[in-house]
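Here's what TrEMBL has on this protein:
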type	residues	note
BINDING	His25	heme b binding site
BINDING	Asp75, Thr78, Asp83	Ca(2+) binding site
DISULFID	Cys32-Cys59	disulfide bond
DOMAIN	1-155	domain 'Plant heme peroxidase family profile'
Amino acid sequence: MSVVLERFAAIGIDAPGLVALLGSHSVGRTHCVKLVHRLYPEVDPALNPDHVPHMLHKCPDAIPDPKAVQYVRNDRGTPMVLDNNYYRNILDSKGLMMVDHQLATDKRTRPYVKKMAKSQDYFFKEFSRAITILSENNPLTGTKGEIRKVCNLANKLHDKS
């Protein structure tokens, strides 16, 4: 969490802004290849045990086929809605990625997670503020940037596979 906080601070985004931006995990899904380390060979004890059977059902293989479309929804309650349900989930140890778990447990971010879990208005206010800072901070334009086909992989690397 220290590295994440430092990287965002370097572009002018404080802890509440970072917590709000990670709330975008409320929408979408996480591919099994990105979370099996929390399930195999042993289930991460930090995960909510009531949530684990669903994750194991969706990600049944310790080494999933990277080309297979195996995933778990980030938020089973409102999977395609940007809302504050993500924060309630991570406080209940249902965050899929380690950064979600760390966000809910780190003393520097937990107070904001709790506040956003209670107030969608606060989440939206902080999200709007932080996304504005992010979008105004030297955006790459023209041939200097790219819209990625796979969010965590540069297109030139993705196109080779």
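The first residue you see is number 1, and the count goes up from there.
Yeah, the Cβs are placed from backbone N, Cα and C, and that goes for glycine too.
Cβ atoms within 8 Å of the centroid of the Cβ atoms of Asp75, Thr78, Asp83 (the Ca(2+) site) belong to the same-chain residues Ser26, Val27, Gly77, Pro79, Met80, Val81, Leu82, Asn84, Asn85, Tyr86, site residues excluded. Residue pair Asp75 (Ca(2+) binding site) / His25 (heme b binding site) shows a Cα separation of 8 Å. There are 16 other CB atoms within 10 A of the CB of Asp83 (Ca(2+) binding site), with all protein chains counted. Around the Cβ of Cys32 (disulfide bond), a 10 Å sphere holds 24 further Cβ atoms from the protein chains shown. Annotated pair Asp83 (Ca(2+) binding site) and His25 (heme b binding site), C-alpha to C-alpha distance, rounded: 10 Å.
Every protein chain considered, the tally of other Cβ atoms within 10 Å of the Cβ of Asp75 (Ca(2+) binding site) stands at 23. When pLDDT is averaged over the domain 'Plant heme peroxidase family profile' (1-155), the result is 92.
Counting only residues at least six positions away in the same chain, the Cβ atoms of Asn74, Asp75, Tyr86, Gly95, Leu96, Met97, Asp100 sit under 8 Å from the Cβ of His25 (heme b binding site). The CA atom of Cys59 (disulfide bond) is located 20 Å away from the CA atom of Thr78 (Ca(2+) binding site). Of all Cβ atoms in the shown protein chains, 15 besides its own fall within 10 Å of the Cβ of Thr78 (Ca(2+) binding site). Taking all protein chains in view, 23 other C-beta atoms sit within 10 angstroms of the C-beta of Cys59 (disulfide bond).
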